[in-house]
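J.: Structure provided below as structure tokens; questions to follow.
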Amino acid sequence: DAVDGSVVRNFEHRPKAPVVECSITADSSRVIAASYDKTVRAWDLETGKLLWKVRYDTFIVSCKFSPDGKYVVSGFDVDHGICIMDAENITTVSVIKDHHTRTITSCCFDPDSQRVASVSLDRCIKIWDVTSQATLLTITKAHSNAISNCCFTFSGHFLCTSSWDKNLKIWNVHTGEFRNRGACVTLMQGHEGSVSSCHFARDSSFLISGGFDRTVAIWDVAEGYRKLSLKGHNDWVMDVAISNNKKWILSASKDTTMRLWNIEEIDEIPLVIKYKKAMGLKVKQCERCDRPFSIFKSDTSSEVFTQCVFCRIDTRGLPAETSSSSSSERENLPPPPGGSKDD
């Protein structure tokens, strides 16, 4: 119970080995968990009864429900692959072995439940289409170190990745043309060590991340700066999540605790107010999508933005020196099944 911290439900036939990851359906009816015993199990959230169990031949490092609750994606260690399973009929939809060249660290569905993003120790990002059963997009050397986690915005247009290189990046995966240079926004100087997790707020106004430095960072996505750092854990923050109303953050740590943070009045915190004043932050309205966003003008820059960060990524072109680059610098991202690039 999020109010008093008491146990609401005990689940039958729980794995005896450590649980790596768990995921709940959008309608809060079912929960799955991947374990070091090489199984993925599903339970009825209301009764706690085991619905099904699937055992694999290799260790599972990640598992997620699709937003529509129809599919489950699992990421593998030794096989470097992913498996997409029909969660209703308990049948395999796709098994993609050697999808990456090293261990997969995280995988997730887009909001339409049609594409699966995966990241790996190989520093590569891949997007797989469930319907066509083909890889739509591969971004190599996306970070300078292993990529630990990934998450889509609610629109599905953008993907955030966190990395052991201490940075987070936001990638445009919607426009149909990916650019190796200039197609992402990098969020830096938010953590003093590896970043282990990331999660967008429902309206994409801010992003949260957890790291090896034992902190949870809250990022202003529009301006790309760390808004606040939450401290209290005694070990690596392994995962983070945020409520749909943006009032609560949940963090899980290797110190064996979970913490629930109330950020409802984050803009009233003296430290945040002081930082905003020091940066000269102001709120403007994007001329393209009407989204409100924060901006600041530094003493050394004459650039004044009129669009939010998402619209700036969406319209950004290649630098002049790369406009005639080879095909490896550009990769066309096919439209969703039944759609077109203009959709």
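From the backbone N, Cα and C atoms, a Cβ is placed for every residue, glycine too.
Heads up, TrEMBL stuff is auto-annotated, nobody curated it.
Annotations per TrEMBL:
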- 19-53: repeat 'WD' (REPEAT)
- 97-138: repeat 'WD' (REPEAT)
- 140-181: repeat 'WD' (REPEAT)
- 188-229: repeat 'WD' (REPEAT)
- 230-271: repeat 'WD' (REPEAT)
- 318-343: region 'Disordered' (REGION)
- 333-343: compositional bias 'Pro residues' (COMPBIAS)
J.: Same chain, outside the repeat 'WD' (19-53) by at least 6, Cβ under 8 Å from its Cβ: which residues?
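T.: For the repeat 'WD' (19-53), the nonlocal Cβ contacts are 9-13, 59-65, 67-69, 72, 74, 85, 87, 90, 239.
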J.: Looking only at the repeat 'WD' (140-181), how are its residues distributed among DSSP helix, strand and coil?
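T.: So the counts come to 0 helix, 20 strand, 22 coil.
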